[in-house]
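Asks: Have a look at this one.
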Amino acid sequence: MPRMPDSSSLFDELQDLATEQQNPHSTHIDTASVEEILRVINTEDHKVPIAVRRELPHIAEAVEIVVEAFEADGRLFYVGAGTSGRLGVVDASECPPTFGTDPERVQGIIAGGREAVFRSQEGAEDVPERGAQALKGQGVTENDVVCGIASSGRTPFVVGAVEHARDAIGCPTLFVTTIPREELDVDPDVAICPVVGPEVIMGSTRMKSGTAQKLVLNMITTAAMVRLGKVYENMMVDLRRTSEKLVERGIRTVMMVTGVDYDAADAVLTRCDGHVKTALVMILADVEVDEARRRLDATDGFVRPAIEGDE
């Protein structure tokens, strides 16, 4: 079994982390009223989007890397532990119903495996080699992208995965953390570092750090999917109609974009197996199913040029 780090050196390392500092604005919350506790949390939460905004140039770099990988049939792997790992799993699991992607396209890997999504697996994050093994288990190749997520920037499972991806696999690497960039030990292709400051509860990185990570992951996958033609105007047009809500959303989308009524939208969607993009092209370009599909194939799934016949 790999040797664990010396406890005294780990103590020294942790006490200096930005995520482990005491927040001077919340030291009184153990004696505060409920409303004051909430006010303190809300005030601190307002700092999160500002910190994320400062990282937009780096997030844009990450999006370009992900888009390039997707265009080459590559995949995106989020790797995290605890809250960070769960956030990766959540973002990955939402891509298929939202954007119609294959579940393999964006995947979340969490230290401790599936059980850790629902219940903390203490110690699962402490061995770097396990991160590397997790990537091997998923068959990660140089065509994929590995994105580590760790509030502290030092979680061994995550660092081990990112270093293995960079050095052994040779694929692009990203890292999302909430410590200053200069304190990051790992060297990814792109580091995204929204520094949100000490947590309201010292060290509870499920709070501001987790919120910042969720915003960043939302941006990465959403912007990438927009660039891949998964959105028309600001609407989901590649959604999978896997629930009653999504069936109705598909009909409503066709109605809103084309101006047809409910029955007409439903009828066209029935003719094209419920595919919203095809329905839009059929109605707006006044073509039949086969021609609409041909146009979408010719434009790599982008609706606007398919409607205009700009192939």
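Glycine is treated like the rest: Cβ placed from N, Cα and C.
Pasting the relevant annotations from Swiss-Prot:
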{"type": "ACT_SITE", "residues": "Glu94", "note": "active site, proton donor"}
{"type": "ACT_SITE", "residues": "Glu125", "note": "active site"}
{"type": "DOMAIN", "residues": "66-230", "note": "domain 'SIS'"}
Asks: Across all the protein chains here, work out how many other Cβ atoms are within 10 Å of the Cβ of Glu125 (active site).
Replies: 26
Asks: What is the average pLDDT across the domain 'SIS' (66-230)?
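Replies: The answer is 95, the mean pLDDT of the model over that range.
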Asks: How big is the gap, in Å, between the Cα of the residue listed as 'active site' and that of Glu94 (active site, proton donor), rounded to a whole number?
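Replies: Spelling it out, the Cα of the residue listed as 'active site' and the Cα of Glu94 (active site, proton donor) are 24 Å apart.
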Asks: Tell me, how many other CB atoms lie within 10 A of the CB of Glu94 (active site, proton donor), whichever protein chain they belong to?
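Replies: That number is 16.
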